[in-house]
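Summarising the annotation, TrEMBL assigns repeat 'Solcar' to 21-105, 120-208, 228-313. As annotated by TrEMBL, transmembrane segment applies to 24-42, 77-99.
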């Protein structure tokens, strides 16, 4: 049974129950891995820009990418990729499971308040996005710490490693398990609001677009074409990614710097922020904004198209 839901991102409890969960997670793992392969180099470039010292020669995305290709070739753009893929599958299972169940509950709780559809979608999606991100951070932060150290190894004075296991071993030896959770609090403060803003923007922008396309009626009307659904979903993904990146880039820059610092160069959130402002003024907090803006918009569009396609694909036949 095809699931044409007019680009609306939430599943009702009935529709969520109709999903083939095994297929949803297995096929989803493959699809999202493909998206990660395509967009991972942007994350590497963004991370290196964020940790660059004031005197670094590579001060823009183009020069960073060019430098990596010159020294390491294509593999240079995929530093830390194996670590990310290893942790991505359990992280996404947790995220998607919590996202869908929370979204259903949030919509039910909001129904008695008589809110507009756009407001209801923004609140329900926002709550679901924040909650799922909170749960996913427990798995994601250690992966993030290790992968980011691999991304910047040998750059601007950062240490060299032989691989992800080498990074984890050295962190555990020097700091114990808490070393793998360096920046956990800031990650929660960064990614949970970012996820909330992303999903709230996505849900509300879709409602807004469909209303202006005169497709906001009841489900029993003729369904729009799959192409139109995908265009609206893509537009919603772009709007959501752009909104989230503008709001949360300063926090992401500070978090990244904290996570890649060596044991002999520890600092506080306040000190990192002061150093960035001292080096570049307030724009220092937006280092890597271009790649992050592109990454969140491109990732958001690719992810949501994949995600919505996956839900249609995995709906059980009647």
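In case you wondered, yes, glycine gets a Cβ from its N, Cα and C as well.
Within the same chain, residues 24-25, 28-29, 32-33, 36-37, 40-41, 44-45, 65, 68-69, 128-129, 131-133, 135-136, 138-140, 142-143, 146-151, 153, 163-164, 167, 199, 307 sit at least 6 positions outside the transmembrane segment (77-99) and bring their C-beta atoms closer than 8 Å to a C-beta of that stretch. Broken down by DSSP into helix, strand and coil, the repeat 'Solcar' (21-105) contains 73 helix, 0 strand, 12 coil. Secondary structure of the repeat 'Solcar' (120-208), assigned with DSSP and counted as helix (H, G, I), strand (E, B) and coil, comes to 74 helix, 0 strand, 15 coil. Across the range of the repeat 'Solcar' (228-313), the DSSP-based residue counts are 76 helix, 0 strand, 10 coil.
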